[in-house]
Amino acid sequence: MLSATANSVHAMIAGRFLVGLGIGISSALVPLYISEISPTEIRGALGSVNQLFICVGILIALVAGLPLAGNPIWWRTMFWAAVVPAFLLGFGMLFAPESPRWLFKQGKVAETQIAIKKLWGDKKLDSTMTSLRAGGSETAGEDAGWGDLFSSRYQKVVTIGAALFLFQQFAGINAVVYYSTSVFRTAGITSDVAASALVGAANVFGTMVASSLMDKQGRKKLLITSFLGMSFSMLLLSLGLSWPSLAAYSGTLAVLGTVSYILAFSLGAGPVPALLLPEIFPSKIRAKAVSLSLGVHWVTNFMIGLYFLSAVTKFGVSRVYQGFAAVCLVAAIYISQNVVETKGKSLEEIEMELSPAA
């Protein structure tokens, strides 16, 4: 609302700052909440549905920008429209149950049982309570400090969480999105909004596929396939933009490379990290470890946005894309050697497997 009614740059910046705070908070809380309230057998699908509707929202926002060409003040209407989903989310959460795992950690056993019944029904009560007790969830008052994240007991899983988001961003997703309009112009697509909408549509389609495969193929396999596909697509983009012998096909190759990259990203590298992190982090450090990992995400996101064009100016876009391809390949190797499969396991089972009691 502040952005929609802004009459100065300062008011606009203030509005965007508040939106940024909300995005930062929700990006850490939403995947954490979903992972803790989801039944084990569909946890992957529900986590990826979150990413799917983020992609749908991005696509709707891109399409909503089309009237800007004929109405320069349309941006105010777009900001007013954005008030609606924000209000619905805030209002809807008033009726959402608290996470049973968080309640149990706080020692609120009676409230835990009420939440379990509301979420999963009476039949799940006994088995879930048994699982929570067997998982050694901490009693009220026990909570990890930031220093605990780097202790020998938790260092490996925290490193994996940070590394996944580091690879996700340095694989070049934002660079591809930023540069996509220029790439599509080489293929004759002159509308920047139409180009962005095509990228958004590819993102939605790939995430839909990921949602259907998450609990069948597993997180690890999707991640490896995704990064290998992104590496191949980056090489295709590089060839289309740099090889003189392919100049006649440069536009087509660049568009194919961009679309295939977005599809590969949305298959695993996009939705999986935010889903996987709350699964692999023990309950004692889960909240802080997810926050730390999402912090890595936003810092690297900012760095790519800040330095990408400078790197292109200095080294050329083809060389930069080759660097992204190398990062994707390294990511696939790292994941194959370090990431565990969490498909079909409860959070308590994963915790006992990765972080046995010290």
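Cβ coordinates are placed from backbone N, Cα and C, and glycine is handled just like the others.
Here is what TrEMBL says about this protein:
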DOMAIN    1-343  domain 'Major facilitator superfamily (MFS) profile'
TRANSMEM  12-34  transmembrane segment
TRANSMEM  46-67  transmembrane segment
TRANSMEM  73-96  transmembrane segment
TRANSMEM  157-181  transmembrane segment
TRANSMEM  222-241  transmembrane segment
TRANSMEM  253-277  transmembrane segment
TRANSMEM  289-309  transmembrane segment
TRANSMEM  321-340  transmembrane segment
Closest-packing stretch to the transmembrane segment (321-340), where packing means Cβ pairs under 8 Å, from 12-34, 46-67, 222-241, 289-309: 222-241
When counting Cβ pairs under 8 Å to the transmembrane segment (253-277), the leader among 12-34, 46-67, 157-181: 157-181
Residues from the same chain, set at least six apart from the ends of the transmembrane segment (12-34), whose C-beta lies under 8 A from its own: 1-4, 6, 43, 46-47, 50, 79, 86, 89, 99, 274-275, 277-278, 286-287, 290-291, 294, 297-298
